[in-house]
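Sequence annotations record features per position, and here Swiss-Prot assigns active site, nucleophile to 45. The compositional bias 'Basic and acidic residues' annotation in Swiss-Prot covers 309-328. As annotated by Swiss-Prot, compositional bias 'Basic residues' applies to 336-353. Under the heading domain 'PUA', Swiss-Prot lists 211-287. Annotation comment: Swiss-Prot describes 292-353 as region 'Disordered'.
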């Protein structure tokens with residue numbers, strides 16, 4: 001059974017305890033599952049508890065996708081001076097919008113002012129200067145900084161005391177398990193009792209519960225596996241509405257995750273290219289397997305193609321490798337090559353003949 005666990009691709013939601021870093025949790029999950037392909041989504045500070053989504057296997061390639069989703073927290077902040085409930089609600093209303101944030105000194109990113117959106121900010125309970133609150137915010141929002149800013153704007157001063165993450169996108173607190181639970185479930189699975197483990201292991205499609213979905217025709221699957229984008233002729237059906245620029249999920253007719261990418265048209269008006277993939281997960285029948293599209297790698301450096309054209313014209317298309325066809329066709333005279341080089345500014349490498 002342990003061999004099957006090591007081949008699984010999906011997510012496990014860990015209820016991170018107070019104390020260890022997120023990277024320490026990564027290490028422990030690797031040790032428990034016996035696999036190296038493990039990564040967390042959304043780093044939590046050592047003193048913060050709650051939802052830490054662990055991506056397993058191929059799902060590590062979806063970390064950047066899930067990380068885009070909003071996060072929810074329940075926290076405790078302390079005001080430095082007496083403040084009424086109405087004053088708390090009023091200052092919370094002021095922050096339920098787009099705000100400017102400067103990351104703290106101890107952060108994993110550069111200290112540049114950023115714009116983040118606070119979708120919800122509510123007071124749950126108040127006792128004296130202590131306020132229990134709930135916040136739903138854009139990914140990358142620093143709650144400790146938010147509490148400090150709230151205290152400053154209120155004129156009372158304030159700081160965060162405690163914090164717990166309760167959701168990352170579709171991954172909620174109620175499906176989280178402790179590291180001890182995970183170890184126990186894996187031990188049971190080794191004995192052939194894998195029901196508990198499988199009930200808490202989430203398929204990769206779980207990350208796209210709230211995304212619009214496109215089902216591709218069987219005839220399009222092999223093309224997608226070889227890196228092709230999805231065109232209108234390969235669309236079988238659409239579940240949900242989307243607009244150009246939205247992220248969409250592409251499934252097979254058997255509900256297998258083929259890939260995800262950016263829509264190039266509206267769902268109400270499909271035209272030519274429908275999805276521009278940035279992640280492809282389906283394996284080709286006769287290929288190298290999974291494909292992760294990186295558009296930047298397809299961009300050529302200035303002069304790169306010009307250099308190739310001159311080289312091919314002078315020495316034949318296979319001159320760089322010395323392999324291939326013996327007959328290269330008509331060649332340009334050396335003086336013509338020099339003129340082309342002077343005109344374009346592209347010259348042969350030293351030592352070339």
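Just so it is clear, glycine is given a Cβ too, placed from its N, Cα and C backbone atoms.
Across the domain 'PUA' (211-287), DSSP classifies residues as 11 helix, 33 strand, 33 coil. When other Cβ atoms within 10 Å of the Cβ of residue 45 (active site, nucleophile) are tallied across all protein chains shown, the result is 17. For the domain 'PUA' (211-287), the model's pLDDT averages out at 92.
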